[in-house]
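Enquirer: TrEMBL feature annotations, pasted as is:
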type: DOMAIN; residues: 8-81; note: domain 'Cation-transporting P-type ATPase N-terminal'
type: TRANSMEM; residues: 57-79; note: transmembrane segment
type: TRANSMEM; residues: 85-101; note: transmembrane segment
type: TRANSMEM; residues: 249-270; note: transmembrane segment
type: TRANSMEM; residues: 276-301; note: transmembrane segment
type: TRANSMEM; residues: 683-708; note: transmembrane segment
type: TRANSMEM; residues: 714-735; note: transmembrane segment
type: TRANSMEM; residues: 756-779; note: transmembrane segment
type: TRANSMEM; residues: 791-810; note: transmembrane segment
type: TRANSMEM; residues: 822-843; note: transmembrane segment
type: TRANSMEM; residues: 855-874; note: transmembrane segment
Amino acid sequence: MGIEADTPWHGLPDYEVLARLQADIGGLSGAEAAARLGVHGPNSLPVSRGVHPLRRFLAQFNSALIYFLLAAAAGATVLGHPIDAAVILAVVLVNAIVGFLQEGKAERALNAIRGLIAPHAHVLRDGHRQSLPVEGLVPGDIVLLEAGDRVPADVRILHARGLSIDEALLTGESVTSEKQEQAVAADASIGDRSNMGFSGTLIATGQAKAVVVKTGVHTEIGRISAMLQQVESVSTPLLRQIDRFARRFTWFVLAGSVLLFAFAVLARDFEWTEALIAVVALAVGVVPEGLPAVITITLAIGVQRMAARKAVIRKLPAVETLGATSVICTDKTGTLTRNEMTARHLHLPDHRLEVSGSGYAPLGSFAAIGHDDDAGALAAASGLIRCGLLCGDSLLHEQNSLWHVDGDPMEGALVALAMKAGLSPDHVRAEWPRIDTIPFDAAYRFMATLHRAPDGGALLLVKGAPEALLAMTGASADFWEPRIAEAASLGERVLGFAAKHLPVAPDRLAFTDLDRGIDFLGLVGFIDPPRDEAVAAIAECRAAGIAVKMITGDHKATALAIANQIGLADDPQVATGAEIDALSDEELIPFAAAVSVFARTSPEHKLRIVRALQARGAIVAMTGDGVNDAPSLKQADVGTAMGHKGTEAAKEAADMVLLDDNFASIVSAVHEGRTVHDNIRKVISWTIPTNGGETLAVVIAIAAGFTLPMTATQILWINLVLTVTLGLVLAFEPPEPGVMNRPPRKPDAGLLSPFLLWRVVIVSTLLAAAALGVFHWSLRNGEDLQTARTMVVNMLIVGETFYLFNVRYLHAQSITWRGVQGTPAVLAAIAAVVVAQLLFTYWPPMHDIFDTRPLSLADGALILAIGVGIMLLLEVEKHALRRLGWFDEVR
Ligand code: ATP
């Protein structure tokens, strides 16, 4: 294909553009597109490569704590303690490796998920409208563009309707540019090429059909640069909070260590090198340096689990916020309902009909209601049925004897209706060719088309919300409103139809053409059954103390009927957009809290509703799909866009994208969000007392002036073993039973709740007491210092291991048999700890490195018994606290 790189596409008439691209207005064939993809390559920009692994690895060493450790290692070497120096270096290295691997894992998980919501484009291929990933576009493809989409490649516009594009990305111009299909001067600058759409720019209004002229790096945006993919950084408010805490804590520990060292040497006559090394080891031990990495991993696992349940997180903080969600605002069509429409009832001035059949299969018959002249009633409906077929853009096609819609499901149902009435869509469309269109817009809620009539005149057709059409046509509201209400109260979605004959055909359709002389033809009621999963998910929300609000563009009665079918609330209160308009922002606050169904709303109402709910401290998840939903999605705490129905603009504004557009997936994500939050708290409530117990034991020894219960290398060993084993497993914990049976957590509650602090104090004390207890007990029994110290190390590790089981169930009644069995992650980690401790205790080389001694069976049994004792004691404590009702978490 002879496409020259610098062809001035904007300067050529459209037929010339198509000819040069060897393209056809009906689209390319799949085979031709595949061949062109081979020549031109994918329509994507080279991804900027991330940070080099070596640099990421080195970055792990960049912290105050590590500098301090390296200095300590150097000091130890100089002072003639090469083993201590080597162990310190090993700790540094292992920490860096673990951090590096965890970070890499988190990043890979997030990248994989980004691929799930790669943008799609509507393309005509093999004569069908299809939704394809934009990478697959080739020059010559015919694309259909709509408000809210990003232009998928550089395109020449062939037909535009009310099209304007925000090109700030390319031109820096903040006003949107109006677009049209006529050729412009060949030397026009980018900003003046009003018949071109440029890759990456955002369609603000209207619709268009266009042909792709350039893809990938050949596009304007590709030429400017290959960036523009902002990768969200792996950070959240929580992580930053922890990071800040860890950094401050490090300095605090350093200062404390200096004081402790001075005290040990000056007041307690410790040998200064021994004291120095011990204090350094303690400082290393007490700082929870692994915590940020484990929390990142916990978040990343949450993101992966959510993706498996069809909720793709775009912004990491949403993982945390989801767990605190207290209100979910959801739209109706497609989210709570299946968005599989079937026309069921027809209401005409003199007849009513019921249509049989299901789905989009064009099989079914018409039965008159109230009399038995079915043929007469169908004849009376023919104008309305034809209007439904012509005034729409959707197509039906059959694949493996299943019928599918390309385009809007309600319009698809109208095509099926026409086919049931014996009309051939192709034939009717050819007989009444379309001249012009006013596309549907949720702002005015109708769509209009203009057709050339076989008699040389024209036919203007309108379909839309019945209220809008009654107002437009002046038809009798007294007559029609009861019929609308009747259909809507069945949960049917009701659409009105109107038409006007014109003696001569104009070549454009304007809003002023809709002013007078239009006849109201009648109504069609569509069924759109609720999703079964939505019913269960709503019940789950109610158990979890989460309010659900339906915010829909549909009719009040339809919305209410569906709300009742799915059990949205016991006695759902309904309000319309018009009622919201009548309220001030202040008045809306209690109103929004009380009402659970908002009907006939527009995107501006959504924004006001979110703000009103947030004013009362609610954490709001809000769904949206249109270009105008972006502000409310940004305002919401968890903006949620639809993966299928959603526009690119909505997805970009959202924190989360639902791959299946399903309400139940939001609830699954909340469930996972709560689990993530629980797991983070578990990680913290396990990690901090580990460090606390060791520290306390050594500080008590120094303060009381007796022999240190552990050497520096032993302290480092404990940290090393625990960091790489048990420290990680809590990130993988499955949800506790009953996560969705408690109210949402308070959004302002800090991570270090009173309960957590209590736990830290109690557990640190127990561990320190156990460690010092076995130390003195074995010394008193005549064991040597090395054996006593080996017991202390084992005691701390065993105590921590048993404590893990207490932490695994923060909420549940108590440890159950299943709980004790553990997850594979828990069991693997425990096996690793056991192996490490057996080596530490019984393998001769370890005796040289760590100055340990083998323990007798009785000593080992004692340690295990104390470990079990600590675990049981903490269970009793949990029961007692529950009785006392001191802390919210254990109630
Ligand atoms: P939800 O917000 O729950 O998805 P919705 O799909 O009904 O509800 P909109 O898409 O804003 O919300 O539609 C609002 C109303 O506009 C519909 O109830 C219907 O009366 C009318 N309408 C929707 N789609 C079309 C269309 N393609 N042509 C004409 N009228 C339409």
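Heads up, the Cβ atoms here are built off N, Cα and C, so glycines get one too.
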Enquirer: Do the transmembrane segment (855-874) and the transmembrane segment (756-779) share at least 3 Cβ pairs under 8 Å, sequence separation 6 or more?
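Expert: Judged by the Cβ rule, the two regions touch, with the required three close pairs present.
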Enquirer: In the same chain, who gets a Cβ under 8 Å from the transmembrane segment (714-735) while lying at least 6 residues past its ends?
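Expert: Cβ under 8 Å, 6 or more out: 87-88, 90-91, 94-95, 98, 102, 278, 281-282, 284-285, 290, 294, 297-298, 301, 671-672, 674-675, 678-679, 682-683, 686-687, 690-691, 694, 698, 789, 792-793, 796-797, 800-801, 804, 807-808, 823, 825-826, 828-830, 832-833, 836-837, 840, 850-852.
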Enquirer: Under 8 Å for C-beta pairs, could you tell me which stretch among 85-101, 249-270, 791-810, 822-843 has the largest tally with the transmembrane segment (756-779)?
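Expert: Of the candidates 85-101, 249-270, 791-810, 822-843, 791-810 scores highest.
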Enquirer: So, by DSSP, how many helix, strand and coil residues make up the domain 'Cation-transporting P-type ATPase N-terminal' (8-81)?
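Expert: Tallied per class, the domain 'Cation-transporting P-type ATPase N-terminal' (8-81) gives 43 helix, 1 strand, 30 coil.
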Enquirer: Would you kindly list the residues that approach the transmembrane segment (822-843) from elsewhere in its chain, counting only those six or more residues past its ends and only Cβ-Cβ distances under 8 Å?
Expert: 717, 721-722, 724-726, 728-729, 732-734, 790, 793-794, 797-798, 801, 804-805, 808, 850, 852-855
Enquirer: Cβ under 8 Å to the transmembrane segment (276-301), counting only same-chain residues 6 or more beyond its ends: which ones?
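Expert: Sequence-remote neighbours of the transmembrane segment (276-301) are 63, 65, 68-69, 72, 75-76, 79, 81, 84, 88, 91, 95, 98-99, 102-103, 105-106, 109-110, 234, 236, 238-239, 242-243, 246, 249-250, 253-254, 256-257, 260-261, 264, 316, 319-320, 676, 679-680, 683-684, 687-688, 691-692, 694-695, 698-699, 708, 711-713, 715-716, 718-719, 723, 727-728, 730-732.
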Enquirer: Residue list, the transmembrane segment (85-101) vs rest of chain: Cβ under 8 Å, 6 or more residues beyond ends.
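Expert: For the transmembrane segment (85-101), the nonlocal Cβ contacts are 53, 56-57, 60-61, 66, 69-70, 72-74, 76-77, 280-281, 284, 289-290, 293, 712-713, 716-717, 719-720, 723-724, 849.
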Enquirer: May I ask for the residues of the chain that lie six or more residues beyond the transmembrane segment (683-708) and have a Cβ under 8 Å from a Cβ within it?
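Expert: Distant contacts of the transmembrane segment (683-708): 260, 263-264, 268-270, 274-275, 278, 282, 285-288, 290-291, 294-295, 298, 715, 718-719, 722, 726-727, 730-731, 751-752, 756, 759-761, 763-768, 771-772, 785, 792, 796, 799-800, 803-804, 807, 810.
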